[in-house]
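Here's the structure, in structure tokens; my notes come after.
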């Protein structure tokens, strides 16, 4: 009996140990996800602060300066204010569509961050079709905007939702064709493989030099996808008050505000990954892969810093464009997408395909 009791206790202890291992395994699954979300939130707060400071400098005025040092906590203060504001609903609107629309817009953009490689193999989901997963997920966001416009039962909101859907369709196709050209050059649809393909020749191996036409088209299309000036027709204040956001208040309005900057950040990250070499530094005799092999923590940290430095450099261009170019008319916007960018991007894809065939 004593031997039997001892055996039972031993088995129970092993069962508890296995249970603890399963619990720790589940915890470690969520650690990268929460770390990525925390990093995204921090990045959005920095973008908001940068845009306000750069805009203040362009307009020769003083930007935010009271909330925290240099006003860096102003975005956090604005978010807290929106969190405690009342959520109003249109009396004749469609409550399910009105409530779900902002969530769809934010979640679809957040999922796109899962395929971004911030450093050497530091990616949440290294998929073989990572780049097309981003395109597929990002095409869901306009559905949320259209639902918000329709569910508001407001003519300005509905027109804003229709404009957002039309604009997204018009510029999604040229953007996809540019991504196809990059995939042909890299022989892969994985974001990690695309970055590694650019690291073979250093600075001159960046796709920026191999695909200059595609880079310009991707830049214009990504600005249109983010609905930034001069492509902010879905929320044109002079015409539509606030577009599909007109009837929103409180945290739901804040979700649209966050979605705008999340989209801007993800577009800049994809420009870095697809055209600017990702985490690779273009200094002779210095390789991130060698640094990573010597010291993984140091190499990973340097890779993250390089990726974010390139991303925020591109963000400066996007922010400066807002105060440089006037807003297009709706017919001009659609003509630019369908009559100019689409044929040029298609021709660029055919040239890239021909080059790859002749180089075999």
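Quick reminder: no glycine exception, Cβ is built from N, Cα and C everywhere.
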Swiss-Prot annotation of transmembrane segment - which of the ranges 27-47, 48-68 it falls on:
27-47
Choose the correct range: of 297-317, 318-338, which one does Swiss-Prot annotate as transmembrane segment? Give that range.
297-317
In Swiss-Prot, which of 98-118, 224-244 is tagged transmembrane segment?
98-118
So, do the transmembrane segment (98-118) and the transmembrane segment (248-268) meet, by the test of 3 or more Cβ pairs under 8 Å (sequence gap 6 or more)?
yes
Are there 3 or more C-beta pairs under 8 Å linking the transmembrane segment (340-360) with the transmembrane segment (297-317), counting only pairs at least 6 apart in sequence?
no
Which of 165-185, 203-223, 248-268, 340-360 contacts the transmembrane segment (129-149) most, counting Cβ pairs under 8 Å:
165-185
